[in-house]
Amino acid sequence: MPTFRSNIVVFNLIARRAFTTTSTKNMGFVEKVRLLDYWKIQDSALQSEFPRSRLVLMVDRRLLVTKDQPDVQMVELSFDDLKQRLGEYGLQFDLSNSCLLDALSTDVDMIPLFGTSIDAADPPEDSPISKKEVLKQLGNSLGGRFTDIRMAMLTMREERQRNLLAKFQSLTKWASIYRRCPKCAAALKMRSSKSGAECVTCQRVYYPTFSPVSITLITDPTNEHALLVRHRGSAGGVFTAVAGFAHSGESMAECARREIAEEVGIEVDSIRSLDMSQPWPMPDSSLMIAHVAVAKIDQKISVCPDELETAQWFTRHQVKEALTTTLADPLLKNLPRTLDDRQTLHYIPPAGAIAHQMIRQWVDGKLENHNSRI
C-alpha cells in the first residue's frame, strides 16, 4: 500500500497538472523524493507515467552518450523518439527492461527518468552486416555514440551523471539476477521500477544491495609523499589508492586498515574518513568511501601478488606530473607499452574516479593527514 505521505504528494501532482499555471520549480526536494517513493512501489502508477518519461539507453551494456569529448554525458530521449528510432532497427523496449532512475521537472509537473537496457541479436555468421557498424549507425541516429560503461564512469565530469549511470547499471544487473527467492526458491515478482522484488509464495521482499568499499590514500607523516599502487591486470602506468571490500563486523576505518596491511604489508598510525564517496557499478554494485591514512615511510612494502603488481612511495612532484598527464589525456590513449614502463607512474585514474579526486586534493595541498589514531 502507498504511504500516506506519498498519496498527498500524488494528489498535489495531479492538481498541478490540472492547473498548469503552477510550476514545478516550486516543488521541493521532499516532494520529489516522496513522489519517487510512490513510483517505486506502485506499478500501476509507474506504468501510466512510462509513455511520458525521458529515457537513457544501453545496448549490449554500452551506454549512449553525447559525441562531445571530453565532456561526456548521457543522451536523454523522449519515449516517442526512442520508440521510433529503435523500431527502425527492429529493437523494442518496455518496462520489463527499464528501471526508474530519477524524477525530472517540467513546466507543469514531474516526469520519470528511466534507463532502458537492450540486448541486440547477433547477425548470422555469414551475414555481411557488422553489428559494430549497425550500433554506430544507431548511435548517430540517436544523436550520440555508444561507449563502454567503465570508460563512461571514468570520464563523465558531472557527479550526477556518474551516479545515475551507477544506479542504471546496478539496478539492471540486480533485476537480471534476482529471479528466485533465496529463502524458498519460488519466483520473484519484480517491481516495474526495479527497486525491489517480492516472493510470490512467502511474500518476502528483496531490495538491491551494494557492498561498502574503503579507498584510502596513504601519506607519510610529513604529508610530502603518497603511497600508490598498481593493480594486477590494470592499464599500464596507472597508479591509484588502496581499496577493498568491508567484511562483516568491520567499521570502515577497520576495513581500510586491514586492506592496507593485506595489500601492501604496512601498518598505519592514523586514519580518518573524508567527506567523499562514490557509487561504483562494476563488476557488482559497491559504494566507495574515501579515507586518508598516515604510515611511516621506512616500513618495508610487501605487496599481495594476487592483488597488486607494485606499490611505491612517490613525491608530491611525481604525482603532480602524473595528474597533469592524466588531465591532458583523459581517455588514456598514450599508455606505456613496454613492461618496464608499465611499472612507472605515468597516470592516475581519470577524473570520474573518486581516487582521482582524492589524489588531486592531496597534490593541491587540500588534503591534510592529521587526525585520530586507530
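One is the number of the first residue shown, and numbering goes on along the chain from there.
Here the Cβ of each residue, glycine as well, is placed from N, Cα and C on the backbone.
Ranges compared are 24-45, 156-177, 244-265, 310-331, and Swiss-Prot records motif 'Nudix box' for 244-265. Of the residues E224, E307, Swiss-Prot places E307 in the same Mg(2+) 3 site as E259, E263. Among the candidates A243, A290, A293, the residue that Swiss-Prot annotates alongside E263, E307 as binding Mg(2+) 1 is A243.
Of the chain residues outside the Mg(2+) 1 site list A243, E263, E307, V229, H231, V242, G244, E259, E262, V264, C304, L308 have their Cβ within 8 Å of the site's Cβ mean position. Counting residues of the motif 'Nudix box' (244-265) by DSSP class, helix then strand then coil, yields 13 helix, 2 strand, 7 coil. The most densely surrounded of the binding-site residues E263, E307, judged by C-beta neighbours within 10 angstroms, is E263. DSSP assigns A243 (substrate binding site) to a strand in the three-state reduction.
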